[in-house]
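**Student:** From Swiss-Prot, for reference:
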type     : residues        : note
BINDING  : 42, 43, 86, 116 : 3-methyl-2-oxobutanoate binding site
BINDING  : 42, 86, 118     : Mg(2+) binding site
ACT_SITE : 185             : active site, proton acceptor
């Protein structure tokens with residue numbers, strides 16, 4: 001999968017599916033499920049590392065998890081999902097050179113193909129243009145931007161006329177700066193629907209209604225593994241309960257070495 005495929009999908013009216021992964025196990029599952037894009041999001045700071053925000057996530061941690069995600073794929077590189085990784089807080093806000101170094105570190109040391117960053121401030125637009133000149137594809141992110149949590153909070157954005165006009169202007173600027181797609185997080189559905197028609201690049205929604213060019217979800221939310229479930233992410237599986245019950249069954253077993261008599265470990269099948 002390539003970035004140009006996503007633009008083609010928009011023209012064809014094909015929904016784009018984006019799921020997060022944070023290690024080899026999660027990426028192998030997401031790949032087998034058929035996602036178009038795997039996002040190594042800095043949300044791993046909350047989902048995996050136990051932080052209350054994404055702000056503590058470092059570039060070294062993003063590289064560690066991105067490499068693990070890329071090692072988990074089974075298919076040949078040309079048939080793998082597109083891998084996009086987040087640039088963590090303060091890895092691109094402090095200047096173009098630092099942003100190029102951060103993005104280059106992630107892409108040179110993994111098979112990731114693109115980076116995602118938040119906002120459309122003038123300094124951010126300069127960073128995006130510089131990255132693209134260096135041959136690094138960029139996905140934008142507007143609406144609820146978790147790296148601005150102390151300024152904007154974890155709440156729905158673009159609720160009034162001024163902020164709605166700004167998000168339309170920002171999306172246009174991200175497109176003109178060269179972004180291949182934009183994530184819209186936690187904004188009114190009618191605004192996302194209008195914005196989708198306002199720009200030529202794909203609009204990927206999360207908590208932004210169903211009328212987007214695609215949807216992105218945190219995999220742990222879909223599987224019901226998250227401790228704090230977002231209001232816009234309905235779980236499709238009671239994952240925590242299933243895992244807890246399975247582990248309890250093993251813990252309470254009289255024979256901890258017991259193997260399911262109908263299953264031989266040597267005959268287990270891989271999705272590869």
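Any Cβ shown, glycine's included, is placed from N, Cα and C.
As the structure is a computational prediction, the values presented were derived from the model and not from experiment.
Any idea what these are sitting next to in the structure?
**Tutor:** Cβ contacts within 10 Å of residue 42 (3-methyl-2-oxobutanoate binding site), excluding its own Cβ and spanning all protein chains shown: 29.
Other C-beta atoms found within 10 angstroms of the C-beta of residue 185 (active site, proton acceptor) number 21, with every protein chain shown included.
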**Student:** Might you list, by sequence position, any residue in that chain lying six or more from residue 43 (3-methyl-2-oxobutanoate binding site) with a Cβ less than 8 Å away from its Cβ?
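**Tutor:** Once residues fewer than 6 apart are set aside, residue 43 (3-methyl-2-oxobutanoate binding site) is near 20, 54, 86, 146, 218.
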**Student:** Going by a 10 angstroms cut-off between Cβ atoms, which of the binding-site residues 86, 118 has the sparsest surroundings?
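**Tutor:** It is 118 that, of the binding-site residues 86, 118, has the fewest other Cβ atoms within 10 Å.
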**Student:** Can you tell me the CA-to-CA distance separating residue 42 (3-methyl-2-oxobutanoate binding site) and residue 118 (Mg(2+) binding site), as a whole number of Å?
**Tutor:** 11
